[in-house]
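Encoded as structure tokens, the structure appears first; notes follow it.
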Amino acid sequence: MLRTGLWSCGVRFTCGNYRVRIASWRTMASVTRSEELVSNYKAVVARIEQEAAKHGVPVPRLVAVSKYKPAEDIQVLYDAGHRHFGENYVQELTDKVEALPKDIQWHFIGSLQTNKCKVLGPIANLNAIETLDSVSKANKLNNARSSLESANPINVFLQINTSGEEQKSGLLDPQEIIALAQHIIKECPHLKLQGLMTIGSLASSTSGEPNQDFQKLVDIRTQVQSAIGTSSPLELSMGMSNDFVEAISQGSTNVRVGSSIFGSRKTKDEIKQSS
């Protein structure tokens, strides 16, 4: 009864002792959240390492997708040693860049709009954009990045719509994909072509069979590499919380995992209602 009364009255208490008890309860809750995050994170890392060893492939990079999650959650995983985090929205990314350590390696994984390239380009610790799908966006990113003389090139993944779903962004035509890859290499010195990215369809991700969308990305990579004559393999960014295990077995080098680490997230509407 005492705990319920304290919580319902919140900070309206004027008694010093009550204030101390409320602060202590909140600290306990915060510690519990930190422990949960670290436990989830370690479990995902262990599963990634297990699957990589099982299939005899290098351990993929883990991008912890922190969309809609507070900076405090990211700081917990940063303190646990993690550095690669993924965000879907430009404003949320820029806010977190300002609030968090500057050696975090940010990945932009949301739909890339042309008018946002000038915002993303100058972010010094933006490691990668995983959703590049046009020459015009490549040019704008390259020009925006050129304003930072000492910054490393932005790694870019070409987004490929391997499932052919209309609601998904990404390139479909192999010749367009090859043309964009060649353009980046020849005309965009402030960008580095790192690989190809796709999001598997729900049907392919839950079929219990090898994911055909992932296999298609592997095949497209072979075509692109042959056309551009690269000496090192392009990376494959594929696999999320529900299908990263299958993605690793099919050669993913970069997995994007959110809910398995951070838990379920609120929708935009739920966030607006609670703010």
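The backbone N, Cα and C atoms fix where each Cβ goes, glycine too.
Those TrEMBL annotations? Automatic predictions, nothing curated.
Since this is a predicted model, take the numbers as computed values, not measurements.
Features of the protein shown, as given by TrEMBL:
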- 43-265: domain 'Alanine racemase N-terminal' (DOMAIN)
- LYS67: N6-(pyridoxal phosphate)lysine (MOD_RES)
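Confidence across the domain 'Alanine racemase N-terminal' (43-265), taken as the mean pLDDT and rounded to a whole number, stands at 95.
In this view, LYS67 (N6-(pyridoxal phosphate)lysine) is surrounded by 17 other Cβ atoms within 10 Å of its Cβ, with every protein chain counted.
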